[in-house]
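Asks: So Swiss-Prot lists these for the protein:
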type     : residues : note
MOD_RES  : SER2     : N-acetylserine
MOD_RES  : LYS5     : N6-acetyllysine
MOD_RES  : LYS8     : N6-acetyllysine
MOD_RES  : LYS14    : N6-succinyllysine
MOD_RES  : LYS22    : N6-succinyllysine
MOD_RES  : GLN106   : N5-methylglutamine
MOD_RES  : LYS120   : N6-malonyllysine
SITE     : LYS120   : site 'Not ubiquitinated'
CROSSLNK : LYS127   : SUMO cross-link
MOD_RES  : SER129   : phosphoserine
Amino acid sequence: MSGGKGGKAGSAAKASQSRSAKAGLTFPVGRVHRLLRRGNYAQRIGSGAPVYLTAVLEYLAAEILELAGNAARDNKKTRIIPRHLQLAIRNDDELNKLLGNVTIAQGGVLPNIHQNLLPKKSAKATKASQEL
């Protein structure tokens, strides 16, 4: 029997592909969709909303991990620790604004010494530098 809805006529059945794979994402679109449905954010959730939100989350995670990896490499470490995440976020203007109220456990603080606390240049040092 050719055509029709039933049976395997013509071509073999295609293997199912996840929405994450269709969108070219690593993060799970199905899980984000489930969390949106169960979170009581709205009565109805469109089909594109979880894909878009998943893409945004994946981008933010990749951006933070890239900067944290750079911070770890600057400190001659091969493993990212919370301190590296803290340094990455606080040294980036946009991420610092986005995550300004977030406390990272074991993150520490940015190294900063107020100008008034630094030692003043002595008169001898300034004279010697002017003579050269």
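Backbone N, Cα and C define each Cβ position, glycine as well.
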Asks: Taking 10 A as the limit, how many CB atoms besides its own sit near the CB of LYS22 (N6-succinyllysine)?
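Replies: The Cβ of LYS22 (N6-succinyllysine) has 10 Cβ neighbours within 10 Å.
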Asks: Reported as an integer number of Å, what is the Cα distance between GLN106 (N5-methylglutamine) and the residue listed as 'N6-malonyllysine'?
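Replies: GLN106 (N5-methylglutamine) to the residue listed as 'N6-malonyllysine', Cα-Cα distance: 34 Å.
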Asks: Cα-Cα, whole number of Å: LYS22 (N6-succinyllysine) versus the residue listed as 'N6-malonyllysine'?
Replies: 62
Asks: Could you say whether, by DSSP, LYS14 (N6-succinyllysine) belongs to a helix, a strand or a coil region?
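Replies: The three-state answer is coil.
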Asks: Rounded to the nearest angstrom, how far is the Cα of the residue listed as 'N6-malonyllysine' from the Cα of LYS14 (N6-succinyllysine)?
Replies: 75
Asks: Around LYS120 (N6-malonyllysine), how many other CB atoms lie within 10 A of its CB?
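Replies: 8, counting other Cβ atoms within 10 Å of LYS120 (N6-malonyllysine).
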Asks: For LYS22 (N6-succinyllysine), name the DSSP secondary structure in the helix/strand/coil scheme.
Replies: helix
Asks: Using CB atoms and a 10 A radius, I'd like the single residue among the modified residues LYS14, GLN106 with the highest neighbour count.
Replies: GLN106
